């Protein structure tokens, strides 16, 4: 009971932005600009897909879900970052921290799964073009989206549930200006082996497996492309994947770097942690709409 009461009244101190502490308002300006651009870009993508009947296809339904995941990801992380920079409010309650952590990890897993579904879409379109419309219908795509949400909820819910069982006795300073599971468990005075093991299982069974199947999809896509007779046809087929390849790189490279830093980089500078973590959560919501707007003719025409 003592442990429980300590946990419930505990708060954490948000970290990061140490180099900006003397000029915090100047740090808030680019952050606000990035957030507003991410909101504008993803809402524009969603509104165009909703209005344009020709975009009511599996590929663009998945793009709409990617935009929703990006909106959720940036909205989960930005409030505490802005609160810290603008109001100098570093303290965050344990309960609010768990809620923020739940949404950050949920939208991260959803984005990862949507990127995998988009890889499957590209695989079917290039490797089985004649069967594409019969394999990937709108109803199948909607079922995939529901399955993604169900998987995310089932895997992420145990993370905060297990954290509640731990004992936190002091207001510890986190490595980032928001709450992440590997960061929180480092500050517990209890045995965290179960939490660490489940956190690793959750990471491997979602993002790890998704990345593996994305890579497998592209191995099969490349194999098919190389069997195409002319270079012009090969480039045309590969060109349909460029937007998705950019989304994969923007999401997975910073995520892999962040995971490696959390598990292996004990002597790494806090500034490196902050930069990689912020890149992981800022880059996809900000750049995905730009990439898809530039590469998708219908969306580009609508914006113009």
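Using N, Cα and C of the backbone, Cβ positions are placed for all residues, glycine too.
TrEMBL has this to say about the protein:
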DOMAIN    41-292  domain 'G-protein coupled receptors family 1 profile'
TRANSMEM  25-48  transmembrane segment
TRANSMEM  60-80  transmembrane segment
TRANSMEM  92-120  transmembrane segment
TRANSMEM  140-164  transmembrane segment
TRANSMEM  197-221  transmembrane segment
TRANSMEM  241-261  transmembrane segment
TRANSMEM  273-294  transmembrane segment
Selection from 25-48, 60-80, 92-120, 241-261, the stretch that has most Cβ pairs under 8 A to the transmembrane segment (140-164): 92-120
Sequence-remote partners of the transmembrane segment (25-48) [C-beta within less than 8 Å, at least six residues beyond its ends]: 17, 55, 63-64, 67-68, 70-71, 74, 78, 81-82, 85-86, 282, 285-286, 288-290, 292-293, 298-299, 302-303
Top partner of the transmembrane segment (273-294) among 60-80, 92-120, 197-221 - counted as Cβ pairs under 8 Å: 60-80
Cβ contacts under 8 Å made by the transmembrane segment (92-120) with residues that lie 6+ beyond its boundaries: 7-14, 59, 62-63, 65-66, 68-70, 72-73, 76-77, 80, 141, 144-145, 148-149, 151-153, 155-157, 159-160, 163-164, 168, 178-181, 184, 202, 206-207, 210-211, 213-214, 217-218, 244, 247-248, 251-252, 255, 281, 284
For the domain 'G-protein coupled receptors family 1 profile' (41-292), the mean pLDDT of the predicted model: 88
Other parts of the chain folded back onto the transmembrane segment (60-80), taken as Cβ under 8 Å at six or more residues beyond its ends: 14, 31, 35, 38-39, 42-43, 45-46, 49-50, 92, 100, 103-104, 106-108, 110-111, 114-115, 117-118, 121, 138, 141-142, 144-145, 148, 177-179, 247, 281-282, 284-286, 288-289, 292
